[in-house]
Amino acid sequence: MGNTAIAKKGSEVESVKEFLAKAKEDFLRKWENPPPSNAGLEDFERKKTLGTGSFGRVMLVKHKATEQYYAMKILDKQKVVKLKQIEHTLNEKRILQAVEFPFLVRLEYSFKDNSNLYMVMEYVPGGEMFSHLRRIGRFSEPHARFYAAQIVLTFEYLHSLDLIYRDLKPENLLIDHQGYIQVTDFGFAKRVKGRTWTLCGTPEYLAPEIILSKGYNKAVDWWALGVLIYEMAAGYPPFFADQPIQIYEKIVSGKVRFPSHFSSDLKDLLRNLLQVDLTKRFGNLKNGVSDIKTHKWFATTDWIAIYQRKVEAPFIPKFRGSGDTSNFDDYEEEEIRVSITEKCGKEFCEF
């Protein structure tokens, strides 16, 4: 590296520091003073279910006044309470309304009624990375690297705000109209300064320290990044089995096998991310994220250009118009029922 290149690297590191410092001020201001509810169910025309979960669903809706399309997440308060997800749900809304980053889905409105909580987010018509990955089989390394770079930058941003994401998987990554990623579902995200102990996440993506009920930190996100990059480039995750317990045994064993088509740089990066020993895992060492950003597999990545969305995406999803749902599966439609009496008012008073 010549002196000018070193100087450029130095100034880039400085400008990232400045950027993150300002981002933290912005975040803390919104985190401490979340704005009041700014809409109601009657403001939206419901179009179609985009996905369902254990305590709610996500629907495509159209804002009647502006005719804009949005994705509305509807959570049944009583089910949230039954499944002991109150804290997670309050976290999700409080975090989403306070963050701002090119690869994070934006929360536009939130409100509640007697029965449900509502989070209205920008609609990302390209659908889940999951469905594209399954259809194509696997992504080429440059294709996988394009997405991985966006996750690296997103985690660098979130971690600088003391946020752990904890739910990285292809189902939670939407592909937007420009072919870039939008991270969605902050249901497990949490603001943590030191360690935390909650068992949550998706079996294939859990870090060993979560499985072993150890206190864990943001390094679990870097482990999950390793799982994601492997799955994007292979077409299947590094640890899989029929039963979660068998998956956990494989994860904790620290043994990973790579497909023969993986480049040696990719294998090297993955060995450092899928590292059971926390004192050796990339992202968790004294250089932090720069061990990942300067790794050989990312040598061709222009981090600033990715952040500015100036790099041409390897794939643009096909869709017709802003309200097209052809990239999402079909689900059985169900009426939204709202009780005449308030449910769980106390539990969700801060929502």
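Keep in mind that glycine also has a Cβ here, set from the backbone N, Cα and C atoms.
DSSP assigns Asp167 (active site, proton acceptor) to coil in the three-state reduction, placing it in neither a helix nor a strand. In the shown protein chains, 20 other C-beta atoms lie within 10 A of the C-beta of Asp167 (active site, proton acceptor). Under the heading active site, proton acceptor, Swiss-Prot lists Asp167.
Sequence annotations record features per position, and here Swiss-Prot assigns ATP binding site to Leu50, Gly51, Thr52, Gly53, Ser54, Phe55, Gly56, Arg57, Val58, Lys73 based on sequence analysis. Within the same chain, the residues at least 6 positions away from Thr52 (ATP binding site) whose Cβ sits under 8 Å from its Cβ are Val58, Tyr331, listed in sequence order.
If you look up Swiss-Prot, you'll see 44-298 marked as domain 'Protein kinase'.
What Swiss-Prot lists as domain 'AGC-kinase C-terminal' is 299-351, and the listing cites sequence analysis.
Residues or ranges marked as N-myristoyl glycine by Swiss-Prot: Gly2.
What Swiss-Prot records for Asn3 is deamidated asparagine, and it gives experimental evidence as the kind of evidence.
Ser11 (phosphoserine) falls within a helical segment according to DSSP. Every protein chain shown contributes to the tally, and the Cβ of Ser11 (phosphoserine) ends up with 10 other Cβ atoms within 10 Å. Residues or ranges marked as phosphoserine in Swiss-Prot (evidence: similarity to another entry): Ser11 (among others).
The Cβ of Tyr69 (phosphotyrosine) lies under 8 Å from the Cβ of Lys47, Leu60, Val61, Lys62, His63, Tyr123, Ser322, Gly323, each on the same chain and at least six residues away in sequence. The phosphotyrosine feature in Swiss-Prot is assigned to Tyr69 (among others).
Positions annotated as phosphoserine by Swiss-Prot, on the basis of similarity to another entry: Ser140 (among others). Sequence-distant neighbours of Ser140 (phosphoserine): residues of the same chain at least 6 apart with a C-beta under 8 Å from its C-beta are Pro314.
Mapped onto three states, the DSSP output places Thr198 (phosphothreonine) in coil. The feature phosphothreonine is assigned by Swiss-Prot to Thr198.
Under the heading phosphoserine, Swiss-Prot lists Ser322 (among others).
Per Swiss-Prot, the feature phosphotyrosine maps to Tyr331 (among others); the stated evidence is similarity to another entry. Packing around Tyr331 (phosphotyrosine) is summarised by its Cβ count: 14 other Cβ atoms lie within 10 angstroms of its Cβ, all protein chains included. In the three-state DSSP reading, Tyr331 (phosphotyrosine) counts as coil.
Look at Swiss-Prot and you will find Ser339 (among others) tagged as phosphoserine, backed by a large-scale study or a structure entry. Taken residue by residue with DSSP, Ser339 (phosphoserine) is part of neither helix nor strand, so it is coil. Around Ser339 (phosphoserine), the same-chain residues at least 6 positions away in sequence with a Cβ under 8 Å from its Cβ are Asn114, Ser115.
Within the same chain, residues at least 6 positions away in sequence whose Cβ sits under 8 Å from that of Thr198 (phosphothreonine) are Lys190. With respect to Cβ neighbours within 10 Å, the binding-site residues Leu50, Val58 differ, and Val58 shows the lowest count.
Gly56 (ATP binding site) sits 46 Å from Ser11 (phosphoserine), counting Cα to Cα.
The record assigns Leu50, Gly51, Thr52, Gly53, Ser54, Phe55, Gly56, Arg57, Val58, Lys73 to the ATP binding site, and the maximum Cα to Cα distance across that set is 15 Å.
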